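Peer 1: What Swiss-Prot lists as domain 'N-acetyltransferase' is 7-158. Annotated acetyl-CoA binding site per Swiss-Prot: Val87, Thr88, Val89, Arg95, Arg96, Gly97, Leu98, Leu99, Thr100, in sequence order. Feature annotation from Swiss-Prot assigns active site, proton donor to Tyr128. The active site, proton acceptor annotation in Swiss-Prot covers Phe418.
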Amino acid sequence: MSRPDDIDVRPIAEAETADWIRALNTGFLRSPEVSEREVADRSSYLVPARTLGAFDNGRCVATFRSFPQELTAVGGASVPADAISNVTVTATHRRRGLLTRMMAQDLAAAKERGDVVATLIAAEYPIYGRYGFGAATHSTEWTIDVPRTGLDPRWSGPGDGGRIDLVDGEDVRKAGPELHERLRRTQPGAVSRDERWWQVHTGVVRLDRSPWTEPFYAVYRSASGEVEGLVSYECDDHWGDAKQPQNTAKVNWLIATTPAAERALWHYLCSIDWITKVRTGWRAPDDLLPHFLPDPRAARVTTHADWLWVRILDVVRALEARTYDGSGTLVLDVVDRHGLAGGRYRLTVGPDGAVCEPTTRDAGLTLDVGELAALWLGDASAVRLAALGRVREQQEGAASVADALLRTSGRPWCPDMF
């Protein structure tokens, strides 16, 4: 067995891309076979300096990459984020500190670049807290039992003057980016999408590892003709024993910038002949969906889990980037064992905005940088975290003050997997 010091952790060279992909596929328990097309495709978007590998005697045994991203803070401001993905360690080389070394390199570079936060979607819950990440958003999936919804089976379109049309991938690529950006600017926790995202999700770029099946696309336009919603969905063509159609519509993604558009698209999906169930895909935990139905119990929660994990790299810029509903002052003692964002900070919130600055004043709360990330987007409760022993009140009532300042009326949501 090689010693950890004998394993080289570094950015990959172009000639090592195929070996890196093989290690990536192996780590995710996929076939290690690598095609020339996959090498060409991944080479088109990998950022060389931010694509790391761990090499043991020239063979790649761990993978890690990051890329630039914009994350929406509470209030709609965007902050630059270091988005992390494709993290694997081959089973033969686990527990040797390879992920720790790759993470340390990447976060140090992100801090130096001026990124405010790092983000990732965690495949396993226990891994990333030790690197200062906290679960900042959650997602919920519902399955709708269409016959139970109470919707009028004669529904034939929105009654608000808007309309729904089926469109093709080209139409989605034209209307989708601007629509999504409008949503992202108002949705804390949402992240930016590049052109490639739209190409992959409309079949322009086809991946060896994910065989492409053309989905259906439907667009909602308001009475004025403005695009306010889009949905991508598939149907499974299932028939029951008595020659009865029992199809399930699986939503790949649905974005809407108004409640009217969201309601109309869900009603449309539930109105399609032969559809008896609708799987919603990953939605915000406080999504309006169940309440768009006359019988909300027809939408049954099938999965609920943590989703976007955030690691704060710059406490001052992160806390000053977001908005707050109230006024007040809070002193936070932020513990960061990796030395990237720790310190004592005084947050002052008033009608003119927020000011955060280092301070020597007594702290009201002591918390790990990962817990601060969970609080930053407004989802977590400092009072609950204190009850769990994950936040320490140094001054009585400080957790309640933190909740009054940091919690939001709507929950953050990240619609994307990356």
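Glycine too: its Cβ is placed from the backbone N, Cα and C atoms.
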Peer 1: Which entry in the list of active-site residues, Tyr128, Phe418, has its Cβ near the fewest other Cβ atoms, using 10 Å as the limit?
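Peer 2: Each of the active-site residues Tyr128, Phe418 was scored; lowest Cβ tally within 10 Å is Phe418.
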Peer 1: Specify the secondary structure state of Phe418 (active site, proton acceptor) as given by DSSP, simplified to three classes.
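Peer 2: DSSP assigns Phe418 (active site, proton acceptor) to coil.
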Peer 1: List the other residues in this chain whose Cβ sits within 8 Å of the Cβ centroid of the acetyl-CoA site residues Val87, Thr88, Val89, Arg95, Arg96, Gly97, Leu98, Leu99, Thr100, in sequence order.
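Peer 2: Near the acetyl-CoA site, beyond Val87, Thr88, Val89, Arg95, Arg96, Gly97, Leu98, Leu99, Thr100, sit Ala54, Ala62, His93, Arg94, Arg101, Met102.
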Peer 1: DSSP on Arg96 (acetyl-CoA binding site), three-state: which is it?
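Peer 2: DSSP call for Arg96 (acetyl-CoA binding site): coil, neither helix nor strand.
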Peer 1: Among all protein chains shown, how many Cβ atoms are found within 10 Å of the Cβ of Val87 (acetyl-CoA binding site), not counting that one?
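Peer 2: Its Cβ has 23 other Cβ atoms within 10 Å.
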Peer 1: Do any residues at least six apart in sequence from Thr100 (acetyl-CoA binding site), in the same chain, have a Cβ closer than 8 Å to its Cβ, and if so which, in order?
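Peer 2: The list for Thr100 (acetyl-CoA binding site) reads Tyr131, given in order along the sequence.
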Peer 1: Taking the residues Val87, Thr88, Val89, Arg95, Arg96, Gly97, Leu98, Leu99, Thr100 listed for acetyl-CoA, what is the greatest CA to CA distance in Å, to the nearest whole number?
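Peer 2: Greatest Cα-Cα span of the listed binding residues: 15 Å.
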Peer 1: Mind giving me a neighbour count for Arg96 (acetyl-CoA binding site)? Other Cβ atoms within 10 Å of its Cβ, every protein chain shown.
Peer 2: 20
Peer 1: Would you identify which of the binding-site residues Val89, Leu98 has the most other C-beta atoms lying within 10 angstroms of its C-beta?
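Peer 2: Going through Val89, Leu98 one by one, the largest Cβ count within 10 Å is at Leu98.
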